[in-house]
Each structure stands twice: as structure tokens, then as C-alpha cells.
Amino acid sequence: MQCALYDAGRCRSCQWITQPIPEQLSAKTADLKNLLADFPVEEWCAPVSGPEQGFRNKAKMVVSGSVEKTLLGMLHRDGTPEDLCDCPLYPASFAPVFAALKPFIARAGLTPYNVARKRGELKYILLTESQSDGGMMLRFVLRSDTKLAQLRKALPWLHEQLPQLKVITVNIQPVHMAIMEGETEIYLTEQQALAERFNDVPLWIRPQSFFQTNPAVASQLYATARDWVRQLPVKHMWDLFCGVGGFGLHCATPDMQLTGIEIAPEAIACAKQSAAELGLTRLQFQALDSTQFATAQGEVPELVLVNPPRRGIGKPLCDYLSTMAPRFIIYSSCNAQTMAKDIRELPGYRIERVQLFDMFPHTAHYEVLTLLVKQ
């Protein structure tokens, strides 16, 4: 991938950009095999990759500069701002949005937040695009609601320029810390969720719900999990750390009982909406802590699917699963180091299948799907 920002030394986020994709995949596979070297693996499936540029469905832009000359991008460690509107990881459809947002910020009088001075209002612009219909969700992260009336007043102009903006919100993040969003979300549009579709499964994206940033590879990840589950004798499963329900909604069949658990209420609202659309009445999604939910249960289903954050599922949940011994565990991980650590805490299981998903090209990061079977 060619990147003018990298070539000019202005951005180093894609540290592996000079390596061809096959070399990147080889290095990631070697890393994964090294992490799982202590465990016999029955089958190594071929790694899955997608486009090497234009693949991201989300932009998280730090807003800096001035009202008249706004920069959207990032801050270097020394506080120097860098405009990343030309980042080749973003699809071409993002460019006109960034171009319209800069004059809109001036029209609405949204002073960019100055980290050094702790002054200003507009901290971040968060943009998400649906692959299914091209609709977009735009979130303005503000320090306070002081400029809210001005923003609302200027909004018709933005809608006129960008009719693809289906969901627009203001998020209030009042603290002087590098935190992307606060708890308060104010909707400026009637529509509150962005419609997405992977493999004919309807998914919904709401402002404060996690959603994969590489749709091409994520859809293959979900489809693979579905194919693995269909090969197993499973009538009842848990989907822990389920997010908007991507895994569970793909894996469920009309006669299967499934419980999806996720701590974020916004994500659970999305999952419930999808299940209703699919007419799957035996799916139950609850906004709870996954570990607390699981360890409080006196029995387990045949299959437990886990998709934890980078920290992994942790020892308490590993101990519970070891004791309760579901027949199958499918572990989807964005951090193979913590996954390997967790598998060490599940001594009664063998690894039947492993597959790497290159969700983050040009970096050392990757996702991995692992099927564990009770010995």
C-alpha cells in the first residue's frame, strides 16, 4: 500500500506498510504458532485476509487547529497535530464527508479542543459507514453542551451537503483525559442506529456499541464461526462478550437455544433488534457482565463461544469452564497472547482448529478463531 503520509514521515501507525501482505501474513502466522507452540493443534486453517486499503468502516479523528483551519486526524506525542483525511485505510466515500465537515465546524462555531490549554469544545469526530447501504453515523464528541444549540442550528446545511448521514449525535466527554467518549449521548436525528448486513444477517450499529472496523474480514470471521458450529452437535450455546450479536446471530438456527451476554446496553439493544428481524425466538440477549453471568449458572450448554476484549476471559471464567466442562469452546480473540494464557488455564481441552483473520493489515495485530474440544 502506498501512503504519502507514511512516506513523508508524518504518520507511523501502519508500521508494517513496507512489507507485502503475504510477508505480513507469514509473520503473523509465525507469531501465532509460537504462542501456541505448547499445545498440539489438529488443524491449521489458511489465514483469511481482505483488501489492503480502503477497508476501514470507521474513522476516529482528533479535532485540532482552529475554527477557520480545522485539522482532523491525530496528535503526535509532542502534541503536534496531523491531518489524516488522506489516510488510504479509509474508503473514498469518507473524503467528501471530511471535506464538508471542516466548513461545517466553522459554521457551527465548534472551537477545536486544545489539549495543552484545556480550552475549546470539539474533541473528536467519529464517523462510521454501513457497507450494506452506504449510510453513515456521525458523532461529535464535545467537552460540554455549550455549543449544542449552535450545532443544531447549523445542521440543515450539513444534511443538505451529506444526505448519507443517517445518524448524527453529540457525545459529551467533559474530562481532560485521552478518553474517546463520555456517557451522555444526545441524538440529533430521528434514526438512532445504522443498518448493516453481513452474510444476509441484519446487524445494527449504535453510537456506544463496539463494531468490527474491517467489514470484509469480519463477515468472513462470522461466517467461519457459523460453519464450525453447524458441524457440531449443538442445541444450546452461550455467546459471551457478544457485542451486537454478530457471532450468535450467525450461528443460531431456529431450533437452537442461545443466550448472548454483553455488558453494554446499547449493543444488546442492537442484538435484540436483529434477532427480532430474523424471527429467532429462542435467542435471549442480556446486558450483564459475562463472567458474572456464567459463573452464577449451575449448568452449561454444549457450546460456549467467547469473544473477549484484549485482556482475555481471565482466570475466574477459565476455572469455571474447566469445572463445568462444556463439550466445545470457540474462542475468538483480538489478542493471541491472552488467548494462549487462557487456554493454559483450560487443561482438559485440546485445540481442534485454529484460523487467523487479518483484521488489521500493516500492523502486528490480528484476530484468531480457535475451536477447543473437551478431551
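For all residues, glycine too, the Cβ spot is worked out from N, Cα and C.
Swiss-Prot lists Q212, F241, E262 as binding S-adenosyl-L-methionine, and of N114, N307, N335 the one it places in that same site is N307. With all protein chains in the displayed structure included, the most crowded Cβ environment within 10 Å among the recorded positions C3, C11, C14, C87, C334 is that of C87.
The distance from the Cα of E262 (S-adenosyl-L-methionine binding site) to the Cα of C334 (active site, nucleophile) comes to 17 Å. Taking Cβ-Cβ distances under 8 Å and a sequence gap of 6 or more within the same chain, the neighbours of F241 (S-adenosyl-L-methionine binding site) are I261, E262, S290, V306, N307, P308, P309, I313. Closest to Q212 (S-adenosyl-L-methionine binding site) in space, going by CA atoms and restricting to the recorded positions C11, C14, C87, C334, is C334. Between C87 ([4Fe-4S] cluster binding site) and C334 (active site, nucleophile), the C-alpha separation comes to 23 Å.
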